[in-house]
Each structure stands twice: as structure tokens, then as C-alpha cells.
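Here's the structure we're looking at; comments come further down.
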Amino acid sequence: MSSENTLDDEDTFKILISTDIHLGYLEKDAIRGSDSFNTLNEILECAKENQVDFILLGGDLFHENKPSRRCLHSCITMLRKYCMGDSPVTFNILSDQTINFNTTQFPWVNYQDENLNISIPVFSIHGNHDDPTGAEGLCALDLLSASGLVNHFGHSHSVEMIEISPILLQKGSTKLALYGLGSIPDERLYRMFVNKQVTMLRPKEDQDNWFNLFAIHQNRSKHGPTNYIPEQFLDDFIDLVVWGHEHECLITPKRNEQQLFYVTQPGSSVATSLSPGEATKKHIGLLRVKGRKMNMQKIPLKTVRQFFIQDVVLADYEDLFTPDTPQVTKKVENLCFAKVSEMLEEAERERLGCPLTPEKPLIRLRVDYSGGFETFNTSRFSQKFVDRVANPKDIIHFFRKREQKEGVKDEFNVDYSKLVKPTAVEGLRVEDLVKQYFEAAEQKVQLSLLTEQGMGKAIQEFVDKDEKDAIEELITYQLEKTQRHLQSRGVTTEQDIDAEIQKFRDSKKNTTEEEDDIKEAINRARAHRMERGDLDLSDGPADATMDSDEDSGSLPAPSRGRGRGGGRGRGSRGGGRGRGSAASEAKPAGRGRSQRSAPASQTRNIFQAFQATSQRSTSSAAEEVIIDDSDEDIPVMKATRPPPRSSSSSSSSFPKFGSQSQSQTSRGVAFDDRDEEDNPFKGHSRGSRR
């Protein structure tokens, strides 16, 4: 049997897998501005050359929450170029698509749309960089979904209960259940897993015959007690997990011996930080699934800019110099020059014979100058390599290891040595920094009214999404709620008030009530911004400075048009299927043609956002808000799935869903990573879990 016949038979799914493309990263940089666009073009070109059935993206397609015009234009152009065509799509979708694609007015897969001609469908979840925001809960992927270029799935609308319903695909005799969960704050999702508020639905019919593929975008490595998602939280019926968000390329599937599934971590397609994890070679994966067997082929990316990183500990070079050596700074500089030159020579050797690789590599030399050494002028040093490297401004990174003070008790079990370890901090979020600050701060500077999570989230909205009223509204909202709580308790003395405030604050920590308070405050901030007319509307005048990140504007609200009902199906693609009525859309509040000019307070900085809360508290008190202050736990009722839609196909073609079956015989999927074998699916199947 030839390899080509084995790979291209009618029962084999061919899926191109990629995550964290970060389109638009440093797009204004003169040297690195086109890196992410070139790599996305290579990925799509690779998908077309290999004639894949579909492309699976694991989140963070865009680097910014509000992509620039150039970024969106380039993405749409490439998707149209490579994903549209006359090539037939040879797999069918059996599940209820109104549930799978619940963020669009066109709840069906794009290749079954009679007005589109799709040859390579793209399925994508959202990441933490391009997550849904605003009153309508839209993200950049929803723009691509409405235009028919991307199928956005895995968006959970509830913060109380998550039900992950798979997209059921069938090609020949192979059945594939595609699960997806877009990015959710790790601590919230961790708590929901612990409280058993995450459910993965399964088809009742022939459960053991489905290959279960799950795409997730969360922290995989542990950044704190609950700031990650352990693999053990995931259901054990899954066969392969595609893990996004982590940028280190570990694309070879690794078996989890407890859950008995495999995990592949494709990593990012562009280096967004000068850290060791980004220095590994970048790959995408070509996944083949046939029956209950799979094979992953690693495909190296040729357009990715080279990145070399090296650590130098000056104390290890005692034979060359010590802190007391005359002109020691000059000798240290000469050593660094030699190290950078070696990395440049290595980069040149690797680039030979690969014309697609950019000429100038990324170079990072991390210098530990502990022990009494002094730093030198890095700007003057970088001038020597300005024409040879892509990052001349930050080649050298000086750091010193700090010793942890003895006698300091770690109440929250935080490893403070990790906070000062010599790694780049580009990947840290503002929310994480706020939490770390208050965990390490003295007791006298701790928050007494707000929670660290609430303050961190408000600052995150202020910094990342330009929500200027988020901090002020959070303070005002919490102040009003605390005042009502104190009035209901009837406390009068200052000591009792302080104790009751602390008790009230602690009772909300890491609860659903805290999440609701944060969400309500942010919604208030957005409502005020809409009242001021400080929103970018699609029908507003164009701005000459629209290409900047801040002015790129929020995503336009969906236009209200005639719903597409009826039972029309596309006969040439994917078999018969009925279409239900269009999904209901949220009506934007306060949208009008005329816009008032933004007030001068719009340009205030982050420190000014903390001020003037008392001035607004009196006016805000006039607005009656009904809030449940009870501490009782409200039972969460499981949502009932709507009955399947009638269609031209038989009812058996839409499998019913049920809860996870605990008794599984001969569970597991076979995996073989030997690409050169004639039969890539040859391998031993996993035995029974028992």
C-alpha cells in the first residue's frame, strides 16, 4: 500500500492545526512588521497544498482585541485567497449547528452556505488576546464569521454553567467530535471545574466510535494556585487535546498517563516575547484521523524569524575577570560582543538554503551581573549590531538574582523566587501584577473595600481595552453596595463598621457574586461611554488616524436585517440539512446617528480614574439597582437542550447527546508519530482504562 493512497482515502480526516498566530504583532515595526502576516500566508498555503479537510485554530488569531484596518484587511484577503474555491468539502456535519455556532445570525457552517464557495473551512476558538468584549460580546472572529470566512465556535455565554456541545463531523466511516472552549479567565474556569460546572456533552449513539478532539486556550503551566487548568480536570473520554495560549512549541502529542489522552501544544507562530519558550523552532501540525487512530505530522514554518537566546553568568568567568579587575566593564562588554557574534554566525548557517527565512534574527543575551559587577551602556553596545539583528534596542538584558529574605511567611504559598527570576515579563497581565502586588504588600496597604480580583480586572479593562470608567465605576458600585449592606446590618460604631466591611469583603472572594459585581461595574462603564457617544460606530465619519490600536475602534454591532428561515439546504455540500430561524441578536443600547463630542475627561490617565468617585456616588444613587445580598447558594439548574430540528435527513443522522458514560470498554486512541512509515496509522491501541 502506498503512502499517498493511505493518507488520501475517503475515510481519513486531514486537519491542519495551528494556534497563537497573533496577527498584527508589531505591525508598525519597520523590521518585524510583516512577520505575522507572512507566517499566516505560509500556514494557509500549506493547508491548500496538502488539501486538508479543514483548518483548526486554537485561539489568538489576532494579537490585539481591536485589530487595525491593515490587520483585518490582510487577514480577510488571505482567507479569501486560500479558503475559497471549487474544491469539494467531503465531510458532513451531523450536530445541531444553531448550538455549535451560537454567535452569529447565520448559524451554519460556511461551506454549506449557498451564497459562498468554500474549499477549506476554518474552525477557530477565541483566545485571551481576541476575546469578546463590549455590550454585544463581539470579537474580531465574529467579524470573520459574519463575512463567512471563519467558523467561530466554543464561545460560552454563561458564567454559571458551561456546556460544551461538540461539532459532529463524519467523513466516510470516520466520526469526529470537535469540542472547543474559548479563553476564560483561568481562576474562574478553575473554580468552575472544581464546582463541577463544566459539562462536555457526548452523543448517545456509538460513543466508542467517535474520535474526540478538544481545542482549549488556557494556561497549561502553573502560574499560581488556581491560575492554570490542570490536565486532570478534562474528561477522560477525550482522545486528543489541542492546547493553545502556551507559546512554546511542543507539538508532538504527549500522553497523559492518568487521563489516557494525548496533548499537543503547537505553540505560537511568531515570537511575541524574548523568552526561552519562544526560542524553540516553530511548527504547525497536520493531523490525520482514521477511525479511532491518529497521526501527527510536524511541519516546520520557514517564514518565522530566527530567535537565539543565551544566558551568561559573569561570576562563572573568574579566570577572565573579577569585580576588582581593572577595566572589568570593558572586558564584560567584549565577552558579550563575542557571545552575540557567535549567535549571529549560527543564525547565518541555519538560514542558508532557506530564502523564506528573514535575514535579521532576534538575539537576546541575558547577563547575570550578581556579585558586584557593573552594567555597561546597552544603547552604545547595540549600535554595533544595528544592521544585523531585528531587535537592536534590547539585545542585552541585565539582571541580578535576589535572595529571598528569611523570616518572611508566605501566607498565600506564592513562590516569590519565581517573581524575580530572570525571565521576560512580557507575558504577564496587568491583572496578575495587581494580584502579586497585594499578595506581597504589607498588611497596612491591603485593600479593605475592594477585592484584588476586582481591582485587577478593572485595571485590565482600563489598560487593554481602553475602558476609562472601569476603575471609577467599580469603586462607586462597591461603595454603594457596601453602604446598603451596612445599613441593613444596622452597625453604628466605627469598630463594628470596619469589622463588618472586612467580613462582607471576605465573603465575596472567589465567588459568583464577585464575578457579577465586576461584570456589572464594567457594564456600567460601557453604558456611560455609550451615553457620551464615545463609541466607534460603523456609520460614523472615518478618522485619518484609524490605523493606531487605540483608534481602530470597537467592532461594529451586527446590522439588523431579515432573518433567514426556511428549510433550504445545500445539496452539493455536506448532505441534506435544514436551517432554523436566525439566532436572536442583542439590541445595542443608546445607538444613534448623532454623536456628541467626547468630554475632556476622556483623556485622563489611570491615576485620575480613582478620583472623583464621591462626586458621582450621589448621582449614581438615584439609579435603583436590585441586588441580591443574600449569602445563600443558589442551585444552578442544568439547561435543557432544544429538540433537534426537522430536516430532509433521517432523525438517526443527528445523534442525541447525553452525559458522559463512565463505563468504557477498550477506551483509547492509537497514536504513531513515525512520519516515514508507509502506514502512518500503524500502532498499538491503548488498552482498557481498568
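Cβ from N, Cα, C; glycine included.
Annotated features in TrEMBL:
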type     : residues : note
ACT_SITE : His129   : active site, proton donor
DOMAIN   : 294-462  : domain 'Mre11 DNA-binding'
REGION   : 483-690  : region 'Disordered'
COMPBIAS : 500-512  : compositional bias 'Basic and acidic residues'
COMPBIAS : 519-535  : compositional bias 'Basic and acidic residues'
COMPBIAS : 561-571  : compositional bias 'Basic residues'
COMPBIAS : 595-606  : compositional bias 'Polar residues'
COMPBIAS : 608-624  : compositional bias 'Low complexity'
COMPBIAS : 625-634  : compositional bias 'Acidic residues'
COMPBIAS : 646-663  : compositional bias 'Low complexity'
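Helix, strand and coil residue tallies for the compositional bias 'Basic and acidic residues' (500-512), in that order: 10 helix, 0 strand, 3 coil [DSSP]. Here the domain 'Mre11 DNA-binding' (294-462) returns a mean pLDDT of 82 for the predicted model. Taking the Cβ of His129 (active site, proton donor) as centre and 10 Å as the limit, one finds 25 other Cβ atoms among all the protein chains shown.
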